[in-house]
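Feature annotations, courtesy of TrEMBL:
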- C81, C85, C88: [4Fe-4S] cluster binding site (BINDING)
- 67-277: domain 'Radical SAM core' (DOMAIN)
- K292: N6-(pyridoxal phosphate)lysine (MOD_RES)
Amino acid sequence: MNIAHHQDLAETTGFPLRVSAAMAARLDMPGVAAQFLPDGRELVVSDLALVDPIGDEVHSPVKGLTHRYPDRVILRATLTCAVHCRFCFRREVVGDAGPLAEADLAAALDYVAARPAIREVILTGGDPLMLSERRIIGLLERIAAIPHVDLIRLHSRIPVVSPERITPALVKAMDLRPAVWMVLHVNHADEIGVEAEGALARLVKGGVPVLSQSVLLRGANDAPEILEALFRKLLMLRVKPYYLHHADLVRGGEHFRTTIAEGQAIMAALRGKISGTALPQYVIDLPGGHGKVPLGPDYLAAGPKGHRIRDPQGVWHDYADPDRGLLRAVKSG
Ligand SMILES: *Cc1c(COP(=O)(O)O)cnc(C)c1O
Ligand code: SF4
C-alpha cells in the first residue's frame with residue numbers, strides 16, 4: 001500500500017503516521033486501516049474535544065504518575081508507541097519523547113514506596129513494552145522490591161502490533177512475586193496475525209494472565225458481529241475481554257465517537273447471544289479525571305414488587321428483595 005499521501009495528511013494533523021511492520025502488513029484490512037491511517041476529519045475541531053481527555057494530569061502528584069484510585073497508580077514509563085492510533089486519548093503527548101527520565105522514574109517509585117495503600121502499579125505509556133528489554137526487566141525488578149506492591153499490570157498493544165518484542169527472556173522476567181498481569185489493547189480481530197497468536201501463547205504459557213481492552217470505534221468496530229468475532233478470537237487465545245471503552249473526547253477524534261445508546265445497543269445484542277466469558281464491561285472514562293464508570297446497558301428499573309428486570313430478549317420481569325421485616329418476626333435457631 002502506498003501511504004505517502006497519508007503521511008502528509010498525518011503531518012498536517014500534528015500526529016505523525018506510525019505503523020509497526022506487523023500492522024503495515026495488514027493495512028489493506030479496513031478494520032486495521034481505520035485505526036492507523038489519518039483521515040481528513042481529524043482536522044475538524046470540536047468544542048467538545050479535550051487535550052487531556054481523561055484527566056491524567058488532574059491526579060498527577062509526580063511526573064509520569066497518576067494516582068486516582070486509593071490502591072493503584074498508573075506509571076507512564078515511556079511516551080513512545082509502536083503504532084500511532086488515530087483515536088488515542090494521549091495523542092497530544094505520545095511521540096518520540098522516549099522513556100521517563102531516571103530522576104522522574106525514581107521520584108515516581110519513591111512516591112509508591114512511601115504509600116503502603118498502593119497495591120498495584122499499572123505500567124502504561126505510550127507503550128511500556130517499547131522500552132528496551134533491559135529497561136523493562138530493570139523496572140519490573142525495582143517495582144517488585146517495594147514490599148506492599150502485590151500486582152504489576154502492563155497495558156500494552158505490543159503482543160499484537162509488534163509480537164516479536166515478546167521474547168522468551170521478557171516473559172521469564174514477568175514471573176515475579178508481585179503477580180504480573182497484561183492488559184492487551186486490541187480493537188479488531190483483523191489485527192491479530194499468527195505472530196501475535198504466538199506472542200500471546202508465550203505470555204499465557206509463561207504464566208502471565210492476559211486481559212484485553214478495546215475502544216469502541218465508529219467505522220472500525222462499532223457492530224456486534226465485529227466485536228463478537230474479536231471477543232471469540234481472544235477467548236480462544238486465552239485472553240479475557242475486560243473493558244470496552246467508550247471513545248474519549250479527543251481533539252481530531254470526534255468521527256470515532258459513537259453515541260452511548262449505540263454502545264449500549266451493541267452490548268445488549270451480545271448479552272445472551274455469546275458466552276458471558278466473552279463480554280467485557282462497557283465503560284466511560286469521565287472527562288476531568290473523575291474515573292471510569294460502567295455504562296450498562298441498564299437491565300434494572302423500579303416496579304410494583306420493588307424492581308423490574310429486563311431479560312436479554314427485552315422482556316421485563318417483576319422481582320422482589322427479601323422482606324427483612326418478615327424474617328425478623330421469625331427468630332432464628
Ligand atoms: C484506568 C485507570 C486505572 C485502572 O482502572 P481499572 O478499573 O482498575 O482497570 C487506574 N488509574 C487510572 C488513573 C486510570 O485511568
Ligand atoms: S498504542 Fe496506546 S498510547 Fe500509543 S497511540 Fe495507540 S492508543 Fe495511544
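Backbone N, Cα and C define each Cβ position, glycine as well.
Counting Cβ atoms from all protein chains shown, C88 ([4Fe-4S] cluster binding site) has 22 others lying within 10 Å of its own Cβ. Calculated from their C-alpha atoms, the gap between the residue listed as 'N6-(pyridoxal phosphate)lysine' and C85 ([4Fe-4S] cluster binding site) amounts to 21 Å.
Under 6 Å, Cβ to nearest atom of ligand 1: this is the test, and of the recorded positions C81, C85, C88, K292 it is passed by K292.
Sitting within 8 Å of the Cβ centre of C81, C85, C88, and not among those site residues for [4Fe-4S] cluster, are the Cβ atoms of V83, H84, R86, F87, R90, R91, V94, R157. Taking the Cβ of C81 ([4Fe-4S] cluster binding site) as centre and 10 Å as the limit, one finds 25 other Cβ atoms among all the protein chains shown. Put plainly, the recorded positions C85, K292 were compared by Cβ crowding within 10 Å, and the winner is C85.
In the three-state DSSP assignment, the secondary structure recorded for C88 ([4Fe-4S] cluster binding site) is coil.
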